[in-house]
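These notes concern the structure reproduced below.
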Amino acid sequence: MVSPAIALAFLPLLITLLIRYRYYFVLLYRAVLVRWVQDLLTGLSREERAFQYILTHSIPGDPQSILDTFDHWCSKVEFISNIGPKKGKILDRLLEEIRPLTVLELGTHCGYSTVRIARSLPLGARLYSIEMHEKNAQIAEKIIRLAGFDDDTVELVVSPSDEVIPRLREDYGVEHLDFVFMDHWKRCYLPDLQLLEGSGLLGEGSVVLADNVVFPGAPNFLRYVRNSGLYELRLHRASLEYIRGIRDGMAELVHRGVK
Amino acid sequence: VKNERNPKAKERDTKRKLEIHKTTEQKTENKKRKRSHSKQRGKRNIDDEDKGGEQISKQKKNRKNKKTKKLLTEEAEGEGYITKQKKKRRPQVDEENANATKQMTPEGPPKKKKRAKVQVESSSESEDSSSEKESSEEEEWKVTALTPEELEKLKEAVDEKKKLITILRGKPWPMLKKLQTLKESHDFLEKFEGALGKGKAKKLYAYKVMMLKALMGKPYGSMPRKTVPRAEQASAMDFAVLWDFGVREASASFLQNPHLNPNGLFCQLKSWNQSFLLKGYAKYSVLFYGYYNSQRAIGWLKFRMPLSYFLVGVGTVAYSYMVVIRTMARNANEQGGGDDTNFNFSWKMFTSWDYLIGNPETADNKFASITTSFKEAIVEEQESRKDDNIHLTRFFRVLANFLVLCCLAGSGYLIYFVVRRSQKFALEGLENYGWWERNEVNMVMSLLGMFCPMLFDVISNLENYHPRIALQWQLGRIFALFLGNLYTFIIALMDEINLKEEETVKLNMTVWMANLHNGTLAENSTAPPITADPADVPRGPCWETMVGQEFVRLIISDTMTTYITLLIGDFLRAVMVRFFNYCWCWDLEYGFPSYSEFDVSGNVLGLIFNQGMIWMGAFYAPCLPALNVLRLHVSMYLQCWAVMCCNVPQERVFKASGSNNFYMAMLLVILFLSTLPAIYTIVSIPPSFDCGPFSGKNRMFDVIQETLEMDFPAWFGKVFSYASNPGLVLPFLLLMVLAIYYLQSTSKTYKKANAELKKKLQAVSSEAISLYCPDCFNIVFKGERGQNQHVTTCTRQSAAVKRQCGPADLHNPSTRPPPAQRNPATHGYLPGNPHQPSLRMQRTSSLKLQ
């Protein structure tokens, strides 16, 4: 039988762990517990609740207002792992620099990043957004249309990314991708990048932006990119969306072109 | 391969032209082609070469070897060839194969020609002849089956590749080529190291590689991220366990020799308290005070045991003081009176890079850390100029200290509580309690020593100090904790001494009386006066031995917990991180568990604390230093391995060495505090009557008097007694204090003069630079702190004015204008300027992290 004094000696450890990983506990609470409780209470999915909120609180046709409402909902009400305002600024800046004409987005989720990208695209550009989940895609579609982007600008593809990418050239007539934004399953980053390489859609100057490479993290992806020599890698260090204390980063890959 | 994607031959031609490693023959060939309108032929050649490279790479190689001559001869062929080339390609290639001069390896089955190989070859095409040879070797490996000799060769090739990777950095090649070669070599290694592991006979090799990976991991320098070992804090095992197993048998021989202690302590002990003995025989070994006896002179050399015991015990302490003080004085001399905060940015700029970094990821992280340190320095500079929410900061600091005090008090109370409980247990007899209760004190001390520093670390985040100062606070707090624990422990020990002694003495007296009574009855004599030598009265275990035992116990439990934390906290964690990282949903290496950091300062503190324990216990356990040396050596090797295998460098690295007076001062303090109880016991507590070299004496230092009386002539004793007269000692002490005061004031003056001279020297040198090379001056000194700024303004004036104003201002830095008044437009990069740092930061952050 362990004496109470020895158990008490573990108290500092407990407090230390609580303090040091408080952000992770907050994340756990907001992303898992609150979601679970709300799911039970409302009978709606998290995405549907977000959509309801946006429908009632934002101005239709105004992307900025929709994004702001989204941010507010994610930071104050519940949690959805969108790209968030801070990393979103990096994304905006990159898009300003590149002015891409053909953009591929992997992982639409609720359409936050889709709206964000579509907002800063030049005239005549086209965004292909891929979402695997049927329900999420429906909501994303509604949000995208709410923001005022039509089928010509944003094309939502409901299918797993590894099925869509090889068919992009035939079915969608894509010859070359200027910009690829990855925010789907972290495990799929690497196979999808390799698929993109294999299908020859990436050329010199193509930019691939991968979100959440530090937390939750995509180590294999980074390792591959570093060793492949095909890309110039640049890590944008930031914090996790809507939670300040967790470090995260976005990886920007610039294709060097085939020599 | 890739060229095939572009259908137009012209593009290919231009690409061809752009190739970096074009040989001169190729150049002339290109020119010729252009001139003689045989462009089509040239295109055909390249096209053919590319496709050949894709499908049958060896032929391409052959052709490459033959190079341009052949191309030129082929140009003679007709133009219509191009249209048919696709059909013709195969025979043509065969023909070339026949022409090949030295390629003897047979053509392998087509399935072996993988994409990677083609890439390797196409890139190696542009290399010089030496690497071409290598790539031809590669080809051999790929094509042929693996016979034993070839396996040997393959191994050689793998080794060669490894060597190439290591020396690649030093090769005088362009970066692009280096990258290519590196990639090639990595591919080769990846492919063939696996192949080596596949064969049946090679299982051992694969196993070896795996074990190497698991045990040795990546070398320390290549591990991504940060620098330093978990402090040597204790946690769970105990010496009692060691006693319960091997040690008892090993040291049983000590017990079989009753004359080891002429007073017959062992025999008596054995007779009246068997159970006590069974706890462990090492308790009465040469390790401890009780082993030595009070025989005044031993052997024909007349070795004075008690005297030497005393002198060695006291002399060790005195020598330790001397060494520590001398080291501190030397450091103080070397450091001089410089201000470390000067040239902060220059230091960061020119000395940040670590040229021993040999791994791209580490370099990456070093780069990032330098960037962050710059950012931090800039922010710090800004903060030091702002000071608007100083009240909040102060509040947080007070709060943090309050929390730390609470923590210290809590841990002190817990130890006190545990000690009280242990006394209760001791009174009731330890045999009735389990392992947990018996080792409660040690366990609690170890656990607190391990976890409280972590808590302090977390609390200190609140304070927002500069990292260097924060570290000192942190170390100070840990120090206070350790010391508090140690002192509580000592006090507990003292209490236990009284408790046990009383008990045992009582018991012994009754036993002895009973024996005596029996004896007198048997002899049946009429009341002869019982004259018993007091030494024959059994007094039980002496407290000195017990103190020594407690310290050995402490050291051993400390060592055990160090090793266990090392194995569990570092090694198991590293293994887990390393292997689970392949199949986990987040990045374990960068994210939550990560590798443990090697904490230099914590380790140094552990060493200091350990040294303190040794000093404290050495008098009562004379072999403790030897034990400690053994332990330190073992843990050095163990930790060396652990650091290389499963630690990462700390995020913030601070110098912790013998030349740092901060640590030396700590050592001095702990030396003082640890010798205090030892000296106190020596001077004020009478030694055990029946145990140890001082048995029978009133105080331990009586040995000296005894020696003076018996071994020296009478006049010497007289002189000594005069010299130790307070009337003589006090004036002498007074004189010493005065001398110290005088010397200190003179050294202060010298120091001041030195600092002045330094400043003058600095001023003169900067003036010289500005005289002869104003541009260099601007480059070197712009952006430094106020004084240089001032000189810059001086350079704009005439030379005569400059001579007057430069040094004059440098003499008294207090007259510097506040830096906030500086004009950012004219003075380049200023740390205090809010606009410019942001610009810089943007640039550094957008630099390539490769």
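Every residue, even glycine, has its Cβ placed from backbone N, Cα and C.
Sequence annotations record features per position, and here TrEMBL assigns compositional bias 'Acidic residues' to B:124-140.
Marked as compositional bias 'Polar residues' by TrEMBL: B:835-850.
Per-class residue totals from DSSP over the domain 'TMC' (B:542-657), listed helix then strand then coil: 82 helix, 4 strand, 30 coil. The annotation domain 'TMC' is assigned in TrEMBL to B:542-657.
Per TrEMBL, region 'Disordered' is recorded for B:1-144 (among others).
Taken from TrEMBL, the feature region 'Disordered' covers B:806-850 (among others).
Under the heading transmembrane segment, TrEMBL lists B:307-325 (among others).
If you look up TrEMBL, you'll see B:395-419 (among others) marked as transmembrane segment. Beyond the transmembrane segment (B:395-419), the same-chain residues lying 6 or more positions past its ends with a Cβ under 8 Å from any Cβ of the stretch are 440-441, 444-445, 448, 452, 455-456, 459-460, 462-465, 477, 480-481, 484-485, 488-489, 491-492, 495.
According to TrEMBL, the feature transmembrane segment maps to B:443-462 (among others).
Residues 231, 404, 408, 411-412, 415-416, 419, 422-423, 441, 445, 448-449, 452-453, 456-457, 460, 546-547, 550, 554, 601-602, 605, 609, 612-613, 616, 662, 666, 669-670, 673-674, 677 of the same chain lie 6+ residues outside the transmembrane segment (B:474-494) yet bring a C-beta within less than 8 angstroms of a C-beta in it. Taken from TrEMBL, the feature transmembrane segment applies to B:474-494 (among others).
Among the features that TrEMBL reports, transmembrane segment is placed at B:662-683 (among others). Sequence-distant neighbours of the transmembrane segment (B:662-683) (same chain, 6+ residues past either end, Cβ-Cβ under 8 Å): 313-314, 317, 320-321, 324-325, 327-328, 331, 472, 475, 479, 483, 486-487, 490, 547, 604-605, 608-609, 611-613, 615-616, 618-619, 656, 699-701.
Per TrEMBL, transmembrane segment is recorded for B:719-743 (among others).
On the 0 to 100 pLDDT scale, the domain 'TMC' (B:542-657) averages 79 in this prediction. Residues 231, 233-236, 238, 396-397, 399-400, 403-404, 407-408, 411, 414-415, 418, 436, 470, 473-474, 477-478, 481-482, 485, 489, 557-558, 561, 565, 602 of the same chain lie 6+ residues outside the transmembrane segment (B:443-462) yet bring a C-beta within less than 8 angstroms of a C-beta in it.
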